Ligand code: NAP
């Protein structure tokens with residue numbers, strides 16, 4: 001894509017368009033960011049911590065405006081948008097409070113001399129981000145790298161350019177130096193050229209497998225370090241002893257939070273046979289009570305998807321799944337609107353030959369699998385190209401931890417669904433990508449672990 005436009009998915013009205021930068025604008029941006037990197041090399045992480053707290057406050061003070069533009073551009077329900085702004089402020093506070101300590105030199109035990117490694121900035125990082133959490137995806141990269149001392153160039157998704165601009169503005173107004181985060185609207189070709197520039201030292205992408213493969217290829221060709229946070233087909237495993245209330249609560253949002261457009265949304269609901277009918281019943285209840293409407297209206301519980309393009313892609317996937325034998329257990333009634341609404345649907349009987357078996361459905365589609373027992377549940381969970389998140393629902397937490405350890409995935413939530421916080425590492429394995437964001441692990445993504453050893457002189 002990379003044709004930057006703000007289109008309200010509730011009305012399909014285009015309300016803003018943005019041009020690609022000129023070559024000299026790109027050169028100026030890289031120069032500015034690179035100059036800041038060199039300046040920051042003479043300053044400490046502690047000196048930036050207070051500014052990052054101010055950035056957190058800036059987001060809290062501008063919560064209404066930030067939340068509104070996100071909702072207008074990609075249809076997220078306004079209260080979820082506000083929650084996202086608060087989460088991002090808390091991530092900034094987290095790195096302001098803990099980041100400098102994480103960057104202290106690490107002593108190394110060695111018989112060869114006094115050894116330690118420094119944790120140093122490496123330079124300007126190119127961040128390519130998706131639309132589904134317009135602020136959170138950016139802050140996951142910006143906040144830790146701000147403390148490290150790596151300035152960020154941002155290429156946001158083509159459909160959230162206004163959110164990108166406001167994010168950069170709030171960061172600047174809060175007191176971050178010019179160049180800390182520079183928002184650009186590059187074409188794919190321009191992005192390739194930026195990545196190839198010797199002043200760019202890393203590439204962080206969150207997005208699809210397709211976009212990730214393309215950008216990772218370019219990063220690899222130019223020997224740039226990269227992190228890839230890609231799609232998922234998360235298993236939500238329901239065991240025999242699942243607490244009915246916990247199960248009901250988890251199911252109520254498992255496939256509808258952010259209208260199901262979450263990388264770690266529970267896309268494969270895997271249920272032992274003793275609980276299968278109950279799960280279908282609870283999911284149907286959760287879907288049928290949704291109220292479709294304007295995402296700016298706080299009484300709405302079913303917003304449009306982010307775009308008609310995504311809606312149409314999802315509809316096509318569902319049609320293909322049904323053609324290949326999937327059964328429709330429930331489908332939400334017709335929605336009389338020109339918006340990008342998708343009617344939530346529950347599918348069953350997806351077998352291994354169905355294309356849906358190993359695809360990501362990025363919207364409110366629940367695919368429910370019945371299995372004999374726990375072993376079959378684990379085997380099915382692992383029979384996937386993806387390995388991002390997962391859930392295990394069981395009253396026996398110790399046992400659920402044992403099950404979690406057997407799942408090939410980057411994250412498991414026991415008795416719950418999607419969760420994120422500054423201190424919790426986020427990321428996956430297999431085609432869900434590599435590297436981690438957030439926590440101390442995410443902090444180290446673009447750090448130079450610089451060994452220093454002083455040898456005995458006698
Ligand atoms: P996407 O198409 O891959 O886009 C992500 C970003 O990459 C956008 O800025 C996009 O720009 C850019 N991009 C895509 N293809 C590119 C190419 N060939 N060259 C250069 N840049 C390219 O992803 P999406 O469909 O918008 O986002 C949804 C996906 O993100 C889902 O698969 C979801 O699971 C995943 N996701 C993963 C995580 C995680 O943490 N693992 C979190 C959230 C979402 P344009 O918009 O201009 O195309």
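Numbering starts at 1 and runs along the chain as it is shown here.
Glycine too: its Cβ is placed from the backbone N, Cα and C atoms.
Sequence annotations record features per position, and here TrEMBL assigns active site to 229. Remark: residue 229 (active site) has 204, 205, 206, 207, 263, 426, 427, 428, 432, 433, 435, 437 as non-local neighbours, by Cβ distance under 8 Å and separation of at least 6 in sequence. According to its DSSP assignment, residue 229 (active site) is in a strand.
The domain 'Aldehyde dehydrogenase' annotation in TrEMBL covers 3-448.
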(request) Mind looking up the mean pLDDT for the domain 'Aldehyde dehydrogenase' (3-448) in the predicted model? (result) 97
